[in-house]
Every structure is written in structure tokens, then in C-alpha cells.
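Participant: Look at TrEMBL and you will find 266-293 tagged as coiled coil. According to TrEMBL, the domain 'IPT/TIG' annotation covers 42-142, 144-239. Under the heading transmembrane segment, TrEMBL lists 240-262.
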Amino acid sequence: RTMKEIVCYSAPSLSGVGSVQISVSVDNAQIRESLTFEYIEDPTVLRIEPDWSIASGHTPLMVTGTNLDVVQEPRIRVKYAGRESVNVCKGLNSTTMSCFAPSLMAEYLPGLDTVKHADEFGFIFNNVRVLLVYNNTNLVYYPNPFFEPLSTSGVLEQKPGSPIILKGRNLIPPASGGAKLNYTVLIGETPCSVTVSESQLLCEPPNLTGQYKVVVQVGGLHVSPGAVHIMSDSLLTLPAIVSIAAGGGLLLIIVILVLIAYKRKSRENDLTLKRLQMQMDNLESRVALECKEAFAELQTDINELTSDLDRAGIPHLDYRTYAMRVLFPGIEDHPVLRELEVSGNGQQNVEKALKLFGQLINNKVFLLTFIRTLEMQRSFSMRDRGNVASLIMTALQGRLEYATDVLKHLLSDLIDRNLESKNHPKLLLRRFALLQPGGAN
């Protein structure tokens, strides 16, 4: 059931054919309207044509009867050797229905050449049990068509346009009235025109070349007697063959001459390479000697510098002075070193605004968006970028890990833009320097 409908299966009629009233009970509620439901006579089957099939089934059958269009899911059934097989039907009108014959056996047995009768034959028409076993017909199952292999190797060599002959037996059932089967022969994926006789099947192949698998379809039977190799006609004439031979000979002579010239050139290159190798060895020896002399001189200079440092000590700066020179080079008395002084009555408002802005720059999403927005401004110069970076680093002195993470994101964006524009790596590093505090200076 859904919000708008209830689907029910009708019960057998207690009063035979005719109209009956419908009532619906939903819990304790009773719904009685002027709704009627009509029972009609059960479907009947009068005749089946033809009254034969092959063991693999799936041949078309035409069923004639009454009230055949009221069956919602009609099916046809056979039972043989304890096995039941079912196939589908389709109602055309109230008196005609088309069905596909069920298969008699579960698998294809090529050696079976005897006529068989089903143990049971009938129809599944909803709940009509009278037709489960239908005894007014004698449905006969003829042997499946059998096809011999196309060749001992499995591949038949064939010229273009020549018909393909499939030999076999049981190709035409021995039923009365000139019974025929509908054959479909596929060469690869392409069907061919078929002519059938009692012992062979003639196939007019399409215009193809190459090797393709041959498949025969009849009813529910799909078999492949092998493959066919359709050879292409030779388009070469005697003058063409002579011309190709002459051209091949000329090409061979050219190749030999090229190989001789290449060998001579290779020898000259080998001699040149040996001379260059000797020059490189001599140059390497001279460079090594100069490096030894330079190293000895450098070691002497280091010893002198070390002795000077032992006497005077290593010069160093305190953290505040070092940070100010890195962040604000050339500015001795920067406003960040002094207390905030605002003229008038705006001292508290300015302090509050700075605290709120400090909370915002501690939010990574805001800080990244803030920096990217500034970089998009054309009037934002390189010196301005360095000053802003220095001020942000001053505000984040207590959260250097967070500041480092922000720098990583900015560097990643810079690398992505550099790869998209295919800039030189040195230009990338030069731009990254602008991200550092004091970088514009």
C-alpha cells in the first residue's frame, strides 16, 4: 500500500461469474462504496500452432483460446525427466497469445537424434490450475540441428564472395506442413543471407576480409562450428611486382651506402672522443692541484680567524635587537616598541579594535584570505608587502608554529601558481623571499 492506493490479489470467486461488491477494512474502519469487481470465465486454450519445437526450445508458438488478455504474466511450461522448464508468453488479444517453447533439456546434447514427448505440458496463468497440465495437444520435440566442424583445424580458408557451406543433420524438422526453423548465421558480428536444405546450410558472406568466428542461432540453440578466414584478393600485377623489386633493390643499395658512411663517421667520432677524454684528464689534474693549493690557503686563513676570535670573542646581538633588524631594517625607533597613544577619547576604541583584529589574525582562514586579498591589489607595492609581513610576524611572536603553518600554505599557493605559469625556479624563490618579514627591503 502507499498513501494513495492499496494493491490486492483477488481471491477465488465464491459465487462464480459476475459482479461483486468491494468493501475495505482498515483496522476498525469499514469503507463501503459503490465499488464493484467483475469475475469472468477463466482463460481457456483451444489450439497451439505449431505443435512441435526443437530440444533447445525458444521457437515461436501461437496459442488460440478465450480470455487470454486478462492474464498478467502468462508463461508456458514443460516437464521432462523430472526437470521443469518455463518460458514467457505475450497476450496479443483476448483470443491469441504468442509464446516461446520451453527447452526440453538443460544442456545441448549433439548426439541426441530421437523424437521426444514431454511428460507434462501446460500453462501458468495466474491461479488457473486447470491449465497447468494441458492434454489437448501432443507437443513434439525434434532433435536439435547438428553442425559438423568447418575444417579439421577449426579455421576454414575462404576466398571473398565464395559461399560458406555448413554441413550437418536435423536441419529441417520432419514435421507435416513444410515446417521450417528460423536460422541466423553471424560472421563475426555481421549476419549473412541463409539458404537451408536437409543436410547443409548455405551462407552468402558479407564483404569482409580477415578471420571471424561463425555462430549459428536457431531457437534457443547457439553453436559455433569454427571460424572462417576470408583472404583478400591480391591487387599486385606483374609490372607492379617488378617495380617494387627494383625499388627494393635501390633502397637496399642506399641503406648499404648509408651504413658505410655511418661507420666511417663513427670512427672519426671515436678518435675525437679519445682526444677530448685526454684533454679532460689533463684539465682535471690541473684543477685538482689548484684545489689542493686553495684548500691549504683557506685552512691557514681559518686558523688566523680562529685565533682572533679566541682573543676578542664571537660578536652577537640580543633577541630584541636581532628581531628588529630582521623585521624592520633601518628603523631604530619603530612604533611597535612604544606604548599605544591615541589623541582624544578614542584610546579604548582603538585598543578594543586591535584586540579583535588580533583574534581575527589568529584564525587561519581569515589570515590567508586577508593576505591573498592584499596581494590581489595592484597598488599594493613590494615594500608594503614586506611591512605588512613584518607587522603580522610581530603580532604572532607568541605563536610561531601557527605562523610557520601559514607560511607553508602561502608557499604552496606560490608553487602552484609558478607551475601553472611555468616560471623559472629562481623566480619562484625570489618571490618567496617577499613572503618573509622584511623581504621587500
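Glycine is treated like the rest: Cβ placed from N, Cα and C.
All annotation found in TrEMBL is predicted automatically rather than curated by experts.
Could you tell me the structural context for the features on the list?
Facilitator: Within the domain 'IPT/TIG' (42-142), the DSSP-based counts of helix, strand and coil residues read 6 helix, 48 strand, 47 coil.
Across the domain 'IPT/TIG' (144-239), DSSP assigns 2 helix, 47 strand, 47 coil.
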Participant: Which residues of the chain, 6 or more past the ends of the coiled coil (266-293), have a CB below 8 A from one of its CBs?
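Facilitator: Non-local partners: none at all.
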Participant: Summarise the model's confidence over the domain 'IPT/TIG' (42-142) as a mean pLDDT value.
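Facilitator: For the domain 'IPT/TIG' (42-142), the model's average pLDDT rounds to 86.
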